[in-house]
Amino acid sequence: MVLSEVDIVKADPAAASQPLLLNGDADVAQKSPGSVAENNLCSQYEEKVRPCIDLIDSLRALGVEQDLALPAIAVIGDQSSGKSSVLEALSGVALPRGSGIVTRCPLVLKLKKLVNEDEWRGKVSYQDYEIEILDASEVEKEINKAQNTIAGEGMGISHELITLEISSRDVPDLTLIDLPGITRVAVGNQPPDIGYKIKTLIRKYIQRQETINLVVVPSNVDIATTEALSMAQEVDPEGDRTIGILTKPDLVDKGTEDKVVDVVRNLVFHLKKGYMIVKCRGQQEIQDQLSLSEALQREKIFFEDHPHFRDLLEEGKATIPCLAEKLTSELIAHICKSLPLLENQIKESHQGITEELQKYGVDIPEDENEKMFFLIDKINAFNQDITALIQGEETVGEDDSRLFTRLRREFHKWGIIIENNLQEGHKITSRKMQKFENQYRGRELPGFVNYRTFETIVKQQIKALEEPAVNMLHTVTDMVRLAFTDVSMKNFEELFNLHRTAKSKIEDIRTEQEREGEKLIRLHFQMEQIVYCQDQVYRGALQKVREKELEEEKKKKSWDIGTFQPSSTESSMEEIFQHLMAYHQEASKRISSHIPLVIQFFMLQMYGQQLQKAMLQLLQDKDTYSWLLKERSDTSDKRKFLKERLARLTQARRRLAQFPG
């Protein structure tokens, strides 16, 4: 179960009045009479707080942030805003200082509170390097060394992370990401576009909805003019995930203290998460080597004695310990709120990458025997997909249709063409009969059908279907060829030589099978020039035609009471129409079924079988295995990249599943 914000509050009911212990305050707390009760509450709080932060830290360490945004607190501020001093006060260690750009890489600051240990431990890690630090005074040197390694010796910046992990009884449970200070113009040997680069880096982090933006602003400047708060407002216009930190309250001009108090009380520039005010070591105190623990004591005294700011201390809005408590609570609540969505995003990304990785297959083996088995598997998979196409059993997308379904549509069109041919034939027959009666009728008695005329009309009608049949063959051939090519693309896309070879086979066999299919179709229409039908079949068809016409004649309304006698021409035409209709029905049955059968046999069955045999024959030449299995130059890199992402997300899912919340 994921912790809710209510659970966090319940875990430590004294949180509002008992700030987390930092540095020198620890000794004071040990002498307090309520320390045992506080320790029990602290223990309950630790059981819920630390696992949440550790979970996100472990996901970040895995590199999951390369794939998905993780809950975080990003610290931003203008140069000389006091950002480094705030982080030093929270962490208890000195961080790089100086003029110009000091933070040149994003610094992930992991603070882990040790409850029952007095030992201080530190660790710096970046790229593939990691070093344990046993003395807090070594931190600054190691951070500078890391920045020089990553971003160079100059003043350049880098997007690559440096992680500083500190475990101590004097730090809060908290993880922050420190970003470079905002600069407006390049100075000294800084790159001319340094300001743009820094803002781009900062925006990369603060625009994520999963990030709480911690904006550090000096108390002695107009808050509306600060670049850091302006950038935060751009990505968080409602101020829902921004916290303001005012620094250097000792430098506020007299008479303007009330304005600072109004800012901290959220009356000037509203932020949903509000403001805090802190006083860190000044430059003179740093030069005098004032310890961080003593600086905390002085900070507390400063706010207690200040006539305007003491109320802010009582409200829990002043001092580093109160800030640490607020940040920890905000981070935990933010993590708990984000976990369900994060878990779902990781699941979806894992599924998507798994599907994408399947397209790239497995790594090509180096051993020759293993190459043979690998090639056999690839060709067998291809042949199985071809078989599925031939049998109309291939798997298709929701909006797609199977090849056989599309072929049936073409064959249905063929039936319509035949029917239209019959209708057109009636018109032609009528004209020819009129011409015969008017110009060529010889000694035949009225009403007699000229068989040669009947035969000529039948042959012409059927002959007119030959080219449409051949055109249908070409259409179906293209459909099958494209389907086979898609199968090759699916199975051999990354093996470009094998894909090219398969396409060549597909084209060669297509030409051969199309030629054979066309030959048989034309042969069929040559045979159809022989007017023939079984006697009993033809008599039955003719009888049905006559019965149908007789039935239709009875339904017609008579316009004349007297007996109507049709002319000899009309009788002859009616008779020949009946014969043409009867013969056309039987011939149409033959043609409408036989032509699709021929096309299916040559352009689907034989085409597919010959292609499968041709692909298996590739296995006979072992010298071509390496050539056939040659990948595209970027395929191996892409596969490796996807595998690394999949491994990260797999571990992330495992850790989320093990999370005790």
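Sequential numbering from 1, following the chain as shown.
Each residue, glycine too, has its Cβ placed from N, Cα and C.
Marked as GTP binding site by Swiss-Prot: 77-84, 178-182, 247-250. Counting every protein chain shown, the Cβ of P249 (GTP binding site) has 23 other Cβ atoms within 10 Å.
What Swiss-Prot lists as domain 'Dynamin-type G' is 67-340, and the listing cites sequence analysis.
What Swiss-Prot lists as domain 'GED' is 573-661, and the listing cites sequence analysis. Over the domain 'GED' (573-661) the predicted model carries a mean pLDDT of 88.
Taken from Swiss-Prot, the feature N-acetylmethionine covers M1.
Marked as region 'G1 motif' by Swiss-Prot: 77-84. Within the same chain, residues 95-97, 100-103, 178, 181-183, 215-218, 226-228, 247-248, 280 sit at least 6 positions outside the region 'G1 motif' (77-84) and bring their C-beta atoms closer than 8 Å to a C-beta of that stretch.
The region 'G3 motif' annotation in Swiss-Prot covers 178-181. Note on the region 'G3 motif' (178-181): residues 74-81, 83, 87, 95, 101-107, 109, 157, 198, 201-202, 205 of its chain, located 6 or more positions outside it, place their CB under 8 angstroms from a CB of the stretch.
Long-range contacts of the region 'G4 motif' (247-250) within the same chain: residues 81-83, 85-86, 216-220, 260, 277-280, 282, 302, 306, 309, each at least 6 residues beyond the stretch ends and with a Cβ under 8 Å from a Cβ of the stretch. Among the features that Swiss-Prot reports, region 'G4 motif' is placed at 247-250.
If you look up Swiss-Prot, you'll see 279-282 marked as region 'G5 motif'. Taken through DSSP, the region 'G5 motif' (279-282) splits into 0 helix, 0 strand, 4 coil.
Positions annotated as region 'Bundle signaling element (BSE)' by Swiss-Prot: 341-366. Among residues of the same chain six or more beyond the region 'Bundle signaling element (BSE)' (341-366), those with a C-beta under 8 A of the stretch's C-beta atoms are 64, 67-68, 70-71, 210, 373-374, 493-494, 629, 631, 635-636, 638-639, 642-643, 645-646, 649-650, 652-653, 656.
The annotation region 'Middle domain' is assigned in Swiss-Prot to 366-533.
According to Swiss-Prot, the feature region 'Stalk' maps to 367-631, an assignment based on similarity to another entry.
Taken from Swiss-Prot, the feature region 'Critical for lipid-binding' applies to 554-557, supported by similarity to another entry.
Cβ neighbours of S80 (GTP binding site) (same chain, under 8 Å, six or more residues apart in sequence): G181, P218. Secondary structure from DSSP puts P249 (GTP binding site) in a helix. Residues of the domain 'GED' (573-661) grouped by DSSP class, helix first, strand second and coil last, total 79 helix, 0 strand, 10 coil. The least crowded of the binding-site residues L179, I182, judged by other CB atoms within 10 A of its own CB, is I182. K83 (GTP binding site) has a Cβ environment of 29 other Cβ atoms inside 10 Å.
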